Amino acid sequence: MSILTIHARQIFDSRGNPTVEVDLKTSKGLFRAAVPSGASTGVHEALELRDTNSKAYMKKGVLTAVSNVNKIIAPALINKNIPVTNQAAIDKYMIDLDGTENKEKLGANAILGVSLAVCKAGAAEAGLPLYRYIARLAGHEDVIMPVPAFNVINGGSHAGNKLAMQEFMILPTGASSFTEAMQIGTEVYHNLKAVIKREYGLDACNVGDEGGFAPNIQDNMKGLQLLEEAIKIAGYTGKVEIGMDCAASEFHKNGKYDLDFKNPHSAESTWLSPDAMANMYKQMISKFPIVSIEDPFDQDDWETWPKLTSSTNIQIVGDDLTVTNPKRIKQAIASKACNCLLLKVNQIGSLTESIEACKLAQDSGWGVMVSHRSGETEDTFIADLVVGLCTGQIKTGAPCRSDRLAKYNQLLRIEEELGTAAKYAGKNFRHPKV
């Protein structure tokens, strides 16, 4: 089945910034994909092409990337006449067309938009639901429903409070299904709102980019205490565990970590050494039901990562460290830096490379968590992706804001469609049994 037309346009993400949307037509219909973008981006990510030479949209326009799809990728792909079911060949052709290591010529946002639209068209051609088609591309015979990691307290670059760490998450690992996980997650979320309102007032219930609350606290331990209290009030102690995304690259300064980095006058004497940070994490793990910590150190602090990973049995997730890039993942595997990959399709810029990164991590005994970005759209691709890749865990924000709920609602539909065949990862979310 050949591609008839490809058309890209500039739309807006959940933060009001421009992003790329691609429409692809085959004889089976029109298939649309939109590309997300991040706030705390790793320096090693594939290049998201922005119109930095234009003042429009605060220099964040994507008309160059859109033009690259319409004037370069579209005619070349249509002329090449590769079947839409040959995802790997189409992705490789676009990567070769770009010819740079980090996709800086055409833009990772241009290539990814086409790549995701091709996948949706391929699923239709194969007569399969998108999640089943992705499972086939990844070589999986079965699929699994993921544990959602709801980001319910926002800090770091995602919120205007003083909290250094970016995300405090709840994982309903004790649920028996994804549907029950949604019930547990939303009930804890609403109880958390009541707790925050009681302690800090109504304006502390404003939400951040990903739908989590952003109370003006600075003590990270306090964030964990608020979660623990909300879980207890909701009646789910033991059924809900805690995850964190520290995004430590954001507050890494001169080899140390500044937990007061949003204060321009923060005292250097209070900055923590890498070992002091590691000890703080160990303290947190001993006091709270923490099962996952993401980016606990700077993206190039290769020396400190393995120390924490080897000294704890919880999940240590690489995001800015690995940026879904096979080269960085191999380096992290060799140095035993972490034991889980955060998978973001726009960090690497094509579906085929995302699947390769996922399999590389899984083959090394790592867990894999599929993730949204802080600048999201109504596109639900990652919901089908996490089910098809059988990773067992997804983070796509709080149960609040339509750009986040779109993914969770799609997962509810998938579980409903699977019926009695649906399996929920639960406590085995790190290494789900397919």
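Positions of Cβ are set from backbone N, Cα and C atoms, glycine also.
The Mg(2+) site recorded in Swiss-Prot includes D245, E294, and the single candidate from D258, D260, D275, D319 that the record places there is D319. For the recorded positions E210, D245, D319, K344, a Cα to Cα distance of within 10 angstroms from E294 (substrate binding site) holds for D245, D319.
Note: the Mg(2+) site is recorded as D245, E294, D319; in the same chain, Q166, E167, M244, C246, A247, I293, D295, V317, G318, D320, L342, S371 also have Cβ atoms within 8 Å of that site's Cβ centroid. Distance from the CA of K344 (active site, proton acceptor) to the CA of D319 (Mg(2+) binding site) is 8 Å.
The Cβ of E210 (active site, proton donor) has N151, N154, H158, E167, H372, S374, G397, A398, R401, R404 as same-chain neighbours under 8 Å, each 6 or more residues away in sequence.
DSSP assigns D319 (Mg(2+) binding site) to coil in the three-state reduction, placing it in neither a helix nor a strand. Under DSSP, D245 (Mg(2+) binding site) is assigned to a strand (E or B) in the three-state scheme. Here the Cβ of H158 (substrate binding site) has 24 other Cβ atoms within 10 Å, regardless of which shown protein chain they belong to.
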